[in-house]
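Participant: Once you've had a glance at the structure underneath, I'll fire off some questions.
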Amino acid sequence: MFSKHDQLQGYDDELLAAMDAEDRRQEDHIELIASENYASKRVMQAQGGGLTNKYAEGYPGKRYYGGCEHVDKVERLAIDRARQLFGADYANVQPHSGSSANAAVYLALLNAGDTILGMSLAHGGHLTHGAKVSSSGKLYNAVQYGLDTATGLIDYDEVERLAVEHKPKMIVAGFSAYSKTLDFPRFRAIADKVGALLFVDMAHVAGLVAAGLYPNPIPFADVVTTTTHKTLRGPRGGLILARANEEIEKKLNSAVFPGAQGGPLMHVIAAKAVCFKEALEPGFKDYQAQVIRNAKAMAEVFIGRGYDVVSGGTDNHLMLISLVKQGLTGKAADAALGAAHITVNKNAVPNDPQSPFVTSGIRIGTPAVTTRGFREGECRELAGWICDILDDIDNPEVGERVRGQVGEFCRHFPVYAD
């Protein structure tokens with residue numbers, strides 16, 4: 001039998017060393033990947049508990065296994081809190097990820113070969129919005145809209161023109177690298193004009209939506225998905241939301257289980273419930289407001305130092321920096337900043353001359369540094385360091401200096417304080 005005192009130390013030191021090294025990296029590096037954040041110890045406590053052991057195929061009150069009376073309560077808590085947080089009538093907390101939530105939406109509401117209209121990956125969309133390499137681009141006839149290259153903003157006239165031309169069954173609104181506010185009423189009007197469903201993927205901005213600092217898509221969309229990490233600061237997982245519609249609710253439930261998944265991850269659902277409770281607290285709005293202020297402060301520095309911020313600035317938690325003018329690649333910038341313990345990700349920019357493996361841009365987000373306690377002053381200083389490195393990318397002395405400054409910041413702003 002197992003002992004309550006079993007631990008990794010002394011049993012699997014090789015694995016433990018890698019895990020400890022990652023913990024140290026998170027403390028010693030500044031995290032600017034827009035899709036990453038730090039979960040609270042409460043969230044991790046819930047995810048690391050005994051619910052890991054429980055199989056619970058089905059939904060609360062309608063399980064295919066016995067012994068589910070307690071996990072039913074856990075899942076109902078998560079559902080009720082998600083509905084309250086976003087003002088939704090329906091919530092499904094079982095998707096294992098944002099991508100699996102999106103796949104379930106397609107499975108529920110589309111047939112193979114149906115036309116979908118989504119944002120191009122090259123212009124800031126997501127793989128699951130119809131990219132050719134994704135199942136969403138292989139199973140469905142995916143048409144892509146993008147940005148007006150003159151303004152860096154979504155070209156809603158193009159969206160409408162493509163919708164009228166291709167008559168999609170579904171229009172997808174959402175992004176992975178767009179720094180401005182989506183016009184949900186305009187998307188709804190376009191969808192209604194051509195008789196399409198409107199599906200919103202708000203994975204990146206869900207925390208801002210929950211705080212009332214970004215428009216809520218629930219009143220406009222037929223279905224909404226999100227991840228539960230990123231700006232929500234929860235565990236890695238997915239969530240589907242909708243207004244009351246019995247037909248759509250039944251289709252969505254069936255698409256998640258048994259259509260796309262088997263047993264739900266009850267320990268992750270418990271962690272989602274904690275995350276939603278944290279997001280319902282008054283302080284969560286203060287956090288999200290600081291996320292936006294920090295992003296705006298960084299964008300101002302980049303623009304002031306001569307870097308092109310796609311779309312001209314940011315309304316949310318992220319920004320996309322084009323390095324075309326500087327003659328740099330995203331890959332080189334990613335590596336140089338990483339050597340200075342600043343973590344970003346290379347990212348394609350509109351009309352990128354480089355391949356997706358090289359790119360001409362970097363994406364930067366402020367959720368994680370804001371969780372650490374950074375405010376505008378720290379973020380302006382940080383943006384300046386990034387510019388220092390990119391301005392003199394082949395000078396190792398600059399990188400070494402910045403790495404020392406990063407270390408001071410990280411010691412002053414620990415991820416998990418004592």
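Heads up, the Cβ atoms here are built off N, Cα and C, so glycines get one too.
As annotated in Swiss-Prot:
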- L121, G125, H126, L127, S355, P356, F357: (6S)-5,6,7,8-tetrahydrofolate binding site (BINDING)
- K230: N6-(pyridoxal phosphate)lysine (MOD_RES)
- H229: site 'Plays an important role in substrate specificity' (SITE)
Participant: List nothing but the largest Cα to Cα distance in Å, as a whole number, among the residues L121, G125, H126, L127, S355, P356, F357 that the record says bind (6S)-5,6,7,8-tetrahydrofolate.
Facilitator: 17
Participant: Translate the DSSP assignment of K230 (N6-(pyridoxal phosphate)lysine) into the three-state scheme.
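Facilitator: The three-state answer is helix.
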Participant: Pick from H126, H229: which of these recorded positions has the biggest number of other Cβ atoms within 10 Å of its Cβ?
Facilitator: H229
Participant: How many Å separate the Cα atoms of H229 (site 'Plays an important role in substrate specificity') and G125 ((6S)-5,6,7,8-tetrahydrofolate binding site)?
Facilitator: 18
Participant: Roughly how many Å separate the Cα of L127 ((6S)-5,6,7,8-tetrahydrofolate binding site) from that of the residue listed as 'N6-(pyridoxal phosphate)lysine', to the nearest whole number?
Facilitator: 17
Participant: For the binding-site residues L121, L127, which Cβ has the most other Cβ atoms within 10 Å, all shown protein chains included?
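Facilitator: Per the Cβ count, the most surrounded site is L121.
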Participant: Can you tell me the CA-to-CA distance separating G125 ((6S)-5,6,7,8-tetrahydrofolate binding site) and the residue listed as 'N6-(pyridoxal phosphate)lysine', as a whole number of Å?
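Facilitator: Each residue's Cα considered, G125 ((6S)-5,6,7,8-tetrahydrofolate binding site) and the residue listed as 'N6-(pyridoxal phosphate)lysine' end up 16 Å apart.
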Participant: Among the recorded positions listed here, G125, K230, P356, F357, whose Cβ has the fewest other Cβ atoms inside 10 Å?
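Facilitator: Checked G125, K230, P356, F357; of these recorded positions, fewest Cβ neighbours within 10 Å: F357.
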